[in-house]
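Annotation source TrEMBL lists region 'Disordered' at 1-25, 218-240, 256-277. Positions annotated as domain 'RING-type' by TrEMBL: 48-86. The compositional bias 'Polar residues' annotation in TrEMBL covers 223-240. As annotated by TrEMBL, repeat 'WD' applies to 456-488, 542-582.
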Amino acid sequence: MEEFSTGTDPRVPAVKPDKPSPVEEAPPLLEASAAVSEDAGVDKDLLCPICMQIIKDAFLTSCGHSFCYMCIITHLRNKSDCPCCSQFLTNNQLFPNFLLDKLLKKTSARQISKTASPVEQFRQALQQGYEVTIKELDNLLSFLVEKKRKMEQEEAERNMQILLDFLHCLRMQKVDELTEVQTDLQFIKEDINSVERHRMDLYRARDRYSVKLRMLGDDSSTRKPWSSSTDKNSSGIVSSSLNIRGMSAGNLQNKKIDGKTQLNGHGSQRKDALSGVDSQGFNQSGLSVARKKRVHAQFNDLQECYLQKRRQLANQPHMKQESDKNVIHREGYIAGLADFQSVLSTFTQYSRLRVIAEVRLGDLFHSANIVSSIEFDRDDELFATAGVSRRIKVFDLSMVLNEPADVHCPVVEMSTRYKLSCLSWNKQWKNHIASSDYEGTVTVWDVTTRQSLMEYEEHEKRAWSVDFSRTDPSMLVSGSDDCKVKVWCTKQEASVLNIDMKANICCVKYNPGSSNYIAVGSADHHIHYYDLRNISSPLHVFSGHKKAVSYVKFLSENELASASTDSTLRLWDVKENLPLRTFKGHTNEKNFVGLTVNSEYIACGSETNEVYVYHKEISKPVTWHRFGSQEMEDADEDGGGSHFISAVCWKSDSPTMLTANSQGTIKVLVLAA
């Protein structure tokens, strides 16, 4: 097995082609043998002993043997003997064999006559002077004309039958398409009616809320000044009991002015509120236009998604009855339309990636800053990075977001002996994190004490991937270039399971719903899905990638995403063992560029130094973001080479994502409208 990992670049291993087994070639057959088989009816005495063909231009030797003239002349240029009896022979001892030539010509004519068609035989007979009368020729011509007409008629009938068969097939195909289109139109009609009814309900509800708000606004504008003046008058009356003559006309005038001021104040507040509503409506209108543009830009993919969901529901009535219960009461739609509305809402919700924080690890011009892995902890409060710098650095996300410094200090830093390839936080024990390195060591760390808890050194070559089980925190799995998948338990010092495979292991991942199932991405271009209770053979092998599978990630218990160096991502259904979708747009031909998923989105890196985000239902990218700065451009000009995204990680069910590239730059990105 050959690794294409030169220098510090984390490159995906490729399968070295096996040496082709030598093919046993059959001994070449003499051309003469073929000639003999073709002329099986010819007397072997008429064949040239040298070329084993019928003798051409026969010549007789002094010893009495006959050969083709060219055959014997060529032979005598190399040897001076007879090919049959080895007697001394020269060119002067060759004589033309006229009798044999005549006999051979007759034999050849007989052979041709046997194999020739009747037309050819008739032509040869006429050429040889066979006498035919005019009447016989007229009869023959009439017969040939009728034969020609009959053949033309049969040919025309065959052509018509072929055309008719084609038209029937085309008609059946178009009828099927028409039926499908009519069914789709019926779906669309039903859904339009459902949406219109639901929209009218929303309009009525909005009108009711508007009326209530207007009434509340009117009440507040009329009652509050009146009540305040009433309170003031009442307080004046109370005070007049102490000083009956103390209230002057000036005081009364001041109170009137105060009342008017309060009325004017409430009026201005209402105007401000209305202007705020207008500006908000303008912003909402702008967002609606932008979302409509995104719909039209990906209309074909969205159309396919809609029809697929509607047809799937129609073809599975039992699933329809089960899934409709909650959706119909909640939305007023059938499940297929509700599912598509969810896709449409999430797909059009975002159009770009916005940088909200940036971290730079060390020297920008040093190639040992490649971040191979970046992962959030259980609570999405901390994130850890690892790579060829031989350090695990743990950062506090809130500090990174709130502090303006370009270079952020990690809250925890742990040194390792070798370059690191992968990290995996334990999703139940917050302080435990596992790492795999270039020497094949799998280590479990305690972030609190900064010490290693367990070290497993059974892998014989570089370990590319490690993953903790979500359901059993004591179990973890790793894969290596030694073509082995090993399952470990933190309570034991040795591996508990070992799966031998035929190619390098690039990635391993536990199913989030069970510690019994794992997905393994391999350099053999396949994804092997195993039940650890029976490792003799995989449950299923997913085929489709054309190069090594570099990452596998679960979106749910049934949905698995994979990345490959064929520049594609693929989505699989591990329950039904079906391919669901292929995603294209990014570039990935040799490096590990990262893969991360959440319930709706899939994100990966690219060797163009860009991060790409896909919606799981749409094959084209939703948006992408390019890493770039003046410092990076200067580094490229100075020979730093092209850079690539090396690690990505979503914050759980959030539009926030961590990304890192081969220069050690980490960006916190968020999906934005």
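Heads up, the Cβ atoms here are built off N, Cα and C, so glycines get one too.
Automatic prediction, not curation, is the source of TrEMBL annotations.
Residue counts for the repeat 'WD' (542-582) by DSSP state, with H, G and I taken as helix and E and B as strand, are 0 helix, 24 strand, 17 coil. Here the repeat 'WD' (456-488) has, by DSSP, the following mix of helix, strand and coil residues: 0 helix, 18 strand, 15 coil.
Helix, strand and coil content of the domain 'RING-type' (48-86), in residues and according to DSSP, is 10 helix, 9 strand, 20 coil.
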